[in-house]
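Novice: Pulled from TrEMBL, these are the listed features:
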| type | residues | note |
| --- | --- | --- |
| DOMAIN | 1-276 | domain 'Oligosaccharyl transferase STT3 N-terminal' |
| TRANSMEM | 12-28 | transmembrane segment |
| TRANSMEM | 34-51 | transmembrane segment |
| TRANSMEM | 80-97 | transmembrane segment |
| TRANSMEM | 104-124 | transmembrane segment |
| TRANSMEM | 136-154 | transmembrane segment |
| TRANSMEM | 166-187 | transmembrane segment |
| TRANSMEM | 225-247 | transmembrane segment |
| TRANSMEM | 259-281 | transmembrane segment |
| REGION | 288-341 | region 'Disordered' |
| COMPBIAS | 294-309 | compositional bias 'Polar residues' |
| TRANSMEM | 350-369 | transmembrane segment |
| DOMAIN | 411-468 | domain 'STT3/PglB/AglB core' |
Amino acid sequence: MYFFTKEIWNKSAGLLAACFIAIGYISRSVAGSYDNEGIAIFALMFTYYLWIKTVKTGSIFWAIATALAYFYMVSAWGGYVFIINLIPLHVFVLLLMGRYSSRLYTGFCTFYIVGTLLSMQIPFVGFQPIRTSEHMAAAGVFALLNAYAVLLYIQSFMTKSEFKSFFFFAISICAGIVFMAVVYLTYAGYVAPWSGRFYSLWDTGYAKIHIPIISSVSEHQPTTWVSFLFDLHVLSCTFPAGVWFVIKNINDERVFVMVRLMLTLTPIVCVFAAIAFSHTLENYLKDDPPPPKKQSNASSDTQISTTPLLSKEGRSKPPKISADSKPTKKKSDSKSAGSDGAVTGSLKSIIVMIVIFLIMLFCVHCTWVTSNAYSSPSIVLASYNHDGSRMILDDFREAYYWLRQNTDDEATVMSWWDYGYQIAGMGNKTTFVDNNTWNNSHIALVGKAMSSNETAAYDIMKMLGVDYVLVIFGGVIGYSGDDINKFLWMVRIAEGEHPQDIKESDYFTPNGEFRVDSAGSKTLLNCLMYKLCYYRFGELQVGVY
């Protein structure tokens, strides 16, 4: 982050940006939820930094280094498509702005060729870079950049009017050929269509209707404004100033950060906020130029006329004072200037103190959020009682430990996909679905078993070879993240694959209510999930020891 922001602005902004982003990885690196994003965000920013170096220098060395960093990103996280779409978008915007250069051509062509070949060496990627729609934008910009370079070369042999006619003709022909080729390859099956995650970017309701597994992931839900203030705090208010400074002093690399703002928000918000704070502090901490030295007597403020002091009659006459010399006025001016300087100095001190105070508030807020929201392992929950005492909920870890100690080593466990990695890692048991949600049909089958009656669910589990079923129920303590709360997502995902057996409307009352009491839908009250969660729940006596 430091080097990236330094290339964009200066060293002081880079230092502030590094401080702002420093704690950003903790939510993805605590025990029980160490996720790929813990290293992927570093790979993302490192690739962008090397790309900025490539654009500024036009060096093949930096372009190959960018391709290697991109290869690291591909091997670490499926979100690598951000890079292979964002960098071509940056190139395309530079072309539209008339900022084409040999540096841009050399850097992007080298990066695209080497990076694509390297990414195809990752097993789960394979031939996707040349066969999926998510990668076609990069291929299109690569072709466009080469076509533009050829046109510039041809321009040197033509007059302006001839080239203008040739340019529009060539662009029309090339655009038509590319469009027809992409349409044909897509319908023929050689190029895969856009995935559901990309359709969800444009239509937020698409995934809920067509691919519920995408909407069921909390990361794919729309972010509330409270979350922005909770995670970004003062940065959410100061980064627009950084955007303005970048627009005001635009160049090739700063065009990139303007495009970058559309994707994965937090790192670039840290960059813009750092630019805003850095620019403000530099303006108000720099020393004013020293006042001009007083002139000597020969060139004093009062300009005395050099005309003779004797009149024609031989009489003496007083020296003339020039009209523009006004000593009294200058004294008052000097006084007012001194007072203005004092006010300016006080104003500078106040502004600097406000900026430092805001940064201190941000540090205090980050410390509190880190310790209370992002430091607890996902398998150990913490809450506070009414008297302020802290209560630790260790049920997840104890359940996984029980599975490890009391079940056969070859036993298989059926649960919802949220707990797949934890059951495999801490319980040492085989699961049917886990957090790698690529197999939508398998997850839908588990959802069908959970939302079916016991007879139908037994047949499904027997077919799968299930030994144990694990469900999470928080009705006793009021835990809102249990499986009953997630149950409708199981129904929706199952309905997407098995619409003839599962219908979401069957789990609502005639009034359209989702109820889990005696007035609930009969389909809901008889399904496997409900039976397991509320088994003998009425006999439980809370608070009796």
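From the backbone N, Cα and C atoms, a Cβ is placed for every residue, glycine too.
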Novice: In terms of Cβ proximity under 8 Å, which residues at least six beyond the ends of the transmembrane segment (80-97) contact it?
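Specialist: Apart from its flanks, the transmembrane segment (80-97) reaches 44, 47-48, 51, 70, 73-74, 104, 108, 111-112, 115, 119, 129, 134-135, 137-138, 140-142, 144-145, 148, 252, 255-256, 259-260, 263-264.
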Novice: Can you work out which residues elsewhere in the same chain, 6+ from the ends of the transmembrane segment (166-187), have a Cβ less than 8 Å from its Cβ atoms?
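Specialist: Distal contacts: 133, 136, 140, 143, 147, 151, 154, 158, 193.
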Novice: Mean pLDDT across the domain 'STT3/PglB/AglB core' (411-468), rounded to an integer, is what?
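Specialist: Residues in the domain 'STT3/PglB/AglB core' (411-468) carry a mean pLDDT of 86 in this prediction.
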Novice: Please list, for the domain 'STT3/PglB/AglB core' (411-468), how many residues fall into helix, strand and coil according to DSSP.
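Specialist: Summed over the domain 'STT3/PglB/AglB core' (411-468), the classes give 33 helix, 7 strand, 18 coil.
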